[in-house]
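Engineer: Pasting a structure below so you can have a look.
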């Protein structure tokens, strides 16, 4: 009877999902309720986790709960620490869920809600969650080694060194971009700065409480931590209005240095003391806010104001240039598939996994949760009036600097908006203007405030919810910085260990301090340059963020496919090979276009040539204001071109070594994957 009820439940879920997708497909030229998108997403996630991830866990990977994990075998109280399943889920989710699932879908909304929805759902089920899960499994079976070290072992030393250097460069860029988003969100915001600073002593208290005061009392400390976090958020507004506000009102330089120092400390301290409890604490706010937003959407039941598909799929969009294929698939990175996740899945998480069977919930499940975040971000952007959306995300060079100019320009694109609408929206959220607030994060905050204010407080609470959303975004992204820095430290130690073995010892404090210094110096340098020079530094690397991230995903999927073949699982290799082919096709093509496209809005070299010609005639083009800045823009374009070419070369080298290793493994009569010799619980006892 139980089995019959269970299958009946799954049939209902499948029918609900089918009805939602049918409604999405049949709507033409009319608005659709956002609840249909939530129904489609949740149905997909439930079915994918119950059936597809279970198939991968039991049939493909054959997870064994009796096999000792690296955290248990090497428990050192520093990096290798067996961690409660749900605490580790919180840490892993907090570490992987950064700017990508918040910003990418908002930017991609210029093409309509349907392309982004389909890619987020299909991408996460068959690519993103699969990558995270299998990389976590592979690293766990190899003593928690980093992605570069695993590539070296499975694809050969030459391929490993090439991959390690390429991955490290990509990692530095990703961390610097994420840190810059946090800085921009917190500049001049004492409320946000206070609340985020308060999470640090709260996390230390939680770490000590769980380890020494009340070990194993997860529910108890979770409740205490949640209450204290809510108090920090509520009283943060009071602090912002008090005489202490000046202590937390920081400029970009001060915030950059604060992040650099925090990243260093979080990377060196024992993982149980700050990193894991802080990420777990942040997860309450992350998941709570997203669930609250989802419930708000259900209660308000807003219609999607953005069309299902807009005219900008042809590449002429004002938010970002490029056709739907391939640029949609690098704009929405996290939420569908993200290479950065493979670094976390082969960094901190496998060193904290208490039981091998937990890899399914943590690897596959946490990625589904991040995908849900991406769906909420997409919905929040698309329930706004399209005119407001394009006013916020289009550069001033296209729409002007006044509500009148913006309304006139956007109306020519076929979207109705008035100057009064733009002025009123700015007033509602407590800002002087909402024009050209590019980057995606402000648009998401307005969308969230638009929905939540209709449930809690009415129009008068729009400004509160807007600033709460900005705080949420900053905290959301910051947890990726601390975990990412620790992962970067592991990668540097792995690389340095090839030249001087003691530097690769993660138990060595001097080696840890050296590697951490190099890690924070790398991303910190680009972060600081981005803060002090709006034309240089990390801002010039922003166009590479999506490409670099997805190229890293392609490299991870090459490794996963190779390992499955070396495990003599050739009949299952399609599970990673198919998404690998898709990711490599879209990303390599996008990288090629970013270098060689003749459209200056897309191609780095074409853009540099345009500025070269203007500079030769003494003409200054935006965003430059002087001829000296013109030369800086040209230099930045050449740097972007060189980095794109380098990343493409690294990926192609990985593909070559992966195919070679796979062909060699297929000729062998026995499995050749290089796993750490297994130890089981009865052996240890």
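Note that Cβ sites are derived from N, Cα and C of the backbone, with glycine treated the same way.
Curation does not apply to TrEMBL; its annotations are automatic.
So TrEMBL lists these for the protein:
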| type | residues | note |
| --- | --- | --- |
| TRANSMEM | 7-26 | transmembrane segment |
| DOMAIN | 33-590 | domain 'CstA N-terminal' |
| TRANSMEM | 93-112 | transmembrane segment |
| TRANSMEM | 118-138 | transmembrane segment |
| TRANSMEM | 189-209 | transmembrane segment |
| TRANSMEM | 218-235 | transmembrane segment |
| TRANSMEM | 255-276 | transmembrane segment |
| TRANSMEM | 321-340 | transmembrane segment |
| TRANSMEM | 361-384 | transmembrane segment |
| TRANSMEM | 464-488 | transmembrane segment |
| TRANSMEM | 509-528 | transmembrane segment |
| TRANSMEM | 540-565 | transmembrane segment |
| TRANSMEM | 638-659 | transmembrane segment |
Engineer: Quick test of the contact rule: Cβ under 8 Å, at least six residues beyond the ends. What residues does that give for the transmembrane segment (509-528)?
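Structural biologist: Tertiary neighbours of the transmembrane segment (509-528) are 171-173, 175-176, 179-180, 183, 253, 256-257, 259-260, 263-264, 267-268, 485, 488-490, 492-493, 496, 502-503, 537-538, 541.
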Engineer: Give the one range among 7-26, 189-209, 255-276, 321-340, 464-488 whose Cβ atoms make the most pairs under 8 Å with those of the transmembrane segment (361-384).
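Structural biologist: Highest pair count goes to 321-340.
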Engineer: Could you tell me whether the transmembrane segment (464-488) and the transmembrane segment (189-209) are in contact, taking contact to mean 3+ Cβ pairs under 8 Å with a sequence separation of 6 or more?
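Structural biologist: These two stretches do touch.
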Engineer: State the non-local partners of the transmembrane segment (540-565) in its own chain: residues 6+ outside its ends, Cβ under 8 Å from one of its Cβ atoms.
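Structural biologist: Beyond its ends, the transmembrane segment (540-565) has Cβ neighbours at 60, 100, 104, 127-128, 130-131, 134-135, 138, 147, 150-151, 154-155, 163, 166-167, 170, 173-174, 176-177, 329-331, 333-334, 337-343, 526, 572-573, 575-577, 579-580, 583-584, 586-588, 590-591, 594, 604, 636-637, 639-640, 643-644, 647-648, 650-651, 654-655, 658, 661-662, 665-666, 673.
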Engineer: Hey, does the transmembrane segment (7-26) touch the transmembrane segment (321-340), meaning at least 3 C-beta pairs closer than 8 angstroms, sequence gap 6 or more?
Structural biologist: no
Engineer: Same chain, outside the transmembrane segment (7-26) by at least 6, Cβ under 8 Å from its Cβ: which residues?
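Structural biologist: Long-range Cβ neighbours of the transmembrane segment (7-26): 32, 36-37, 39-40, 43-44, 46-47, 50, 114, 117, 308.
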Engineer: Along the domain 'CstA N-terminal' (33-590), what average pLDDT does this model show?
Structural biologist: 89
